[in-house]
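Trainee: Input: one structure, supplied below.
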Amino acid sequence: MERACEKQDSVCNLVAVFENNRTPGEAPGSHSLEDQPHSPEHQLSLSPEPWEAPPVKEALKSEFRPVSRTYLSSLKNKLSSGAWRRSCQPGVSPGPETQEPEEKRVVRELLETEQAYVARLHLLDQVFFQELLREAGRSKAFPEDVVKLIFSNISSIYRFHAQFFLPELQRRVDDWAATPRIGDVIQKLAPFLKMYSEYVKNFERAAELLATWMDKSQPFQEVVTRIQCSEASSSLTLQHHMLEPVQRIPRYELLLKEYVQKLPAQAPDLEDAQRALDMIFSAAQHSNAAIAEMERLQGLWDVYQRLGLEDDIVDPSNTLLREGPVLKISFRRSDPMERYLVLFNNMLLYCVPRVLQVGAQFQVRTRIDVAGMKVRELTDAEFPHSFLVSGKQRTLELQARSRDEMVSWMQACQAAIDQVEKRSETFKAAVQGPQGDTQEPKPQVEELGLRAPQWVRDKMVTMCMRCQEPFNALTRRRHHCRACGYVVCAKCSDYRAELKYDSNRPNRVCLTCYTFLTGNVLPQGKEDKRRGILEKEASAAPEQSLVCSFLQLIGDKCSRSLPRSWCVIPRDDPLVLYVYAAPQDTKAHTSIPLLGYQVISGPQGDPRVFQLQQSGQQYTFKAESVELQGRWVTAIKRAASGRTPEGPDEEDVSD
């Protein structure tokens, strides 16, 4: 019967906590612990008004540093550290060895730390909070709303612990001989610990406001400093006291975990204590989630500020996945340019640094939607660690500073792509239902005009990729087809077609893409002419060649070295060596039938040099490495003897 009465009193106390919330105009001391009806053991020995002492000049000069978000997030990693728990309890020291059970010693430690914690809450709510509110109303030197933002919902937390949990815990310890259990008490506490999430989320903002107004308002600083110098504050700063509620839930979890470990296997409180531990763990996770959400929003805000707070990118629901500098490979310039990428869960922002670092740090040049984006590694000897990002809006060739950085960027992009595709598939399955179409969609073979192409770099070609006429700076300049990315001359790109990836705006396209996109018949006189013997595309050679690479042709007179050329032995014409001015040229400037040639390796004492000789004709080539020279010599010897790689005993020398 007595136990039932105790439970009824506990519920009444709990209801009173939330029915008697203080209003802004309420008297400052109307809910102090001294007014509560619990036993003398619960009374807190606080000096009545120590903060009324005259201001201390030295204390006014002290600096207050805001608690960083990094330090706040580190609290999540300390849940299992017993040493951390003990270091946070300077006023609690283990007493002499007694004969009481170990689980009771843990409960007594929980009670002692709870008493000290409620004293800190009383100091925060009834002293700091009320004194600052009174000063704000009297002097109008700082807004009352600022004070309320700094202390958040500390009043609810204080009343809950002072009027409900501490009295319940005290009664249970006093009656331990008759009721050796606390699991049921903790279970009553656990659901209300979620109120800490609001306090934790507001903590960093509160610390910033406190630091700001300590510098900005002299009356604000004087009130805080007077209280900090008092005996009740133990010479600790307000920020130190404000951190206690953030640390309290991890301490509950540590103490309760130790209590469960000390309980005997047949203890009547074991089941309730384990259930209470699970509930405390859930509350700790809830608090950690609040910290993570606060960090996410703060990180988003920092990025948005550096990008100039543009309306079309600012969205609090976004998730920042990765950001950092990269090098942009230009299709016109030989040296890559410094750029900055910001990857969100739904878009990739391609940014350029601003010349004047006033306000925004970067300017968003292109936004690429993750939906439909593709990423792959590029095999480019001139630009190592390079990768391609192809989106509907634009295709970018990028270079990282190391292979690890390149892999990290590619993995981050691919993870974002996979997540978007997974959500899309889930949505389609929900719309179609179990009776929906189960056939796998056929991949779209032709994406011409639907997504931005990869542009061929200017220096990779020396002639128009459509008409094979050589470029020059005056009469035949380079242009890019916006549909296929080929480098073409003005005559071959004098057409306009609407491209879907560019919001159906007319763009310069080549004749071939114009015909495909519009369906119009080729204009008279524009039909493709018959291919000549040298018109074998070099762009297809790396995938369809026995061997291909840059070779330097050494002249006969005075060993004069000519510019290096792109040389290919095609699979479909394995007895001929084609020499191109650039890798993407559609027409070779020289072809050498290899049948009957004699191959001499290293004629000039250089292991990278080899020579072709036949009937007074002589060609001397220099490879970029000894290994590459060996591959060329093997392939040419095979071709010179009339053998082709289709035989079963022949070896393919291509990579």
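Going from the start of the chain as shown, residues are counted 1 onward.
Cβ coordinates come from backbone N, Cα and C, glycine included.
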Trainee: For the set THR23, THR644, say which residue Swiss-Prot annotates with phosphothreonine.
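Mentor: According to Swiss-Prot, the phosphothreonine annotation belongs to THR644.
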Trainee: Look up SER10, SER152, SER287, SER493 in Swiss-Prot and give me whichever carries the note phosphoserine.
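Mentor: Record annotation (Swiss-Prot, phosphoserine): SER10.
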Trainee: Among CYS464, CYS467, the binding-site residues in question, whose Cβ has the most other Cβ atoms within 10 Å in this structure?
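Mentor: Result for the most crowded candidate: CYS464.
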Trainee: Cβ within 8 angstroms of the Cβ centroid of CYS464, CYS467, CYS489, CYS492: which residues besides those meet this for the Zn(2+) 1 site?
Mentor: MET463, MET465, ARG466, GLN468, GLU469, ARG476, VAL488, ALA490, LYS491, SER493, CYS510
Trainee: Specify the count of other C-beta atoms within 10 Å of the C-beta of CYS489 (Zn(2+) 1 binding site).
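Mentor: There are 23 of them.
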Trainee: Identify, in sequence order, the residues in the chain of CYS492 (Zn(2+) 1 binding site) that are 6 or more apart from it along the sequence and have a CB within less than 8 Å of its CB; answer 'none' if there are none.
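Mentor: Long-range Cβ contacts: CYS464, ARG466, CYS467, CYS510, LEU511.
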Trainee: So what's the mean pLDDT when you look at the domain 'PH 1' (319-418)?
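Mentor: The predicted confidence over the domain 'PH 1' (319-418), as a mean pLDDT, is 89.
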Trainee: Could you give me the DSSP helix, strand and coil counts for the domain 'PH 1' (319-418)?
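Mentor: Final tally across the stretch: 16 helix, 46 strand, 38 coil.
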